[in-house]
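Peer 1: According to Swiss-Prot, the protein carries these features:
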ACT_SITE  Glu12  active site, proton acceptor
BINDING   Gly78, Ile153, Met174, Glu175  substrate binding site
ACT_SITE  Asp198  active site, proton donor
Amino acid sequence: MKVGIIGAMEPEVAHLIASMDNAESQTIAGIEFVAGTLDGKEVIVTRSGIGKVAASIATTLLIEKYTPDAVINTGSAGGFVDTLAIGDIVISSEVRHHDVDVTAFGYEIGQMAQQPAAFMPDEKLKAAANKAVASLGEVKAIEGLICTGDSFICDPVRTKTMLEHFPTMAACEMEGAAIAQVCHQFAVPFVVIRSLSDNANNDSPVDFDSYIVKAGHHSALMVMSLLKHL
């Protein structure tokens, strides 16, 4: 099984790349793809860059050039669940855009025209992720709705509006739904796994800078453990 792994920033993929064997790097359109093995599993790891357009480009190139059997999106996110702490993990139960609004044409809030309202992760990948939780010691993990938009959320007013639109949202970030949409159109199984770097409030910029390395490391460990269950 060949698995594509996408993270937006260097701290989100550095641990994975450092742990790879037989790594070979190729740069396409300014995006580096590193192919090799992790614990004997064939993987391609890429740092997509931040935001939905960058993530869409990277995912499309990954699928077209490397034909993975599955795609895992790893990295950090802002948290919306009081029982989770910075460093804890959200495994996607579904993924939605939070900054899309074509409701004037009868679509749900967050639903892009001619696309499903939610992108559903692969059940086998989710099951493997849940099995991997035990290897992370005291790190807590839940399944939940992950929402995506091209904004770093740190405004309580905006947070309140988002929760009114998506009351079950567990985490928000800037790439997952774009990756999920590309995987949906290519019929490639996916899952999004995010470690919390902040709590999507006024302190988020400070928290993010302080904890992004920790969040990226936890998410990478989760992915490496997940691979053992595939």
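Each Cβ is built from the backbone N, Cα and C atoms, and glycine gets one as well.
I would like each feature placed in context: is it buried or exposed, what are its neighbours, and how far apart are things?
Peer 2: With a 10 A radius on its CB, Glu12 (active site, proton acceptor) counts 30 other CB atoms from all the protein chains.
Of all the Cβ atoms in the protein chains shown, 23 others lie within 10 Å of the Cβ of Met174 (substrate binding site).
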Peer 1: Within 10 Å of the Cβ of Ile153 (substrate binding site), how many other Cβ atoms can you find? Include all protein chains, please.
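Peer 2: By my count, 22.
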Peer 1: Quick one: what's DSSP say for Ile153 (substrate binding site), helix, strand or coil?
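Peer 2: Assignment for Ile153 (substrate binding site) reads coil.
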Peer 1: Between the two most separated Cα atoms in Gly78, Ile153, Met174, Glu175, the residues recorded as binding substrate, what distance in Å do you get?
Peer 2: 13
Peer 1: Helix, strand or coil: which one is Gly78 (substrate binding site) in, per DSSP?
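Peer 2: Looking at the DSSP assignment, Gly78 (substrate binding site) belongs to a strand.
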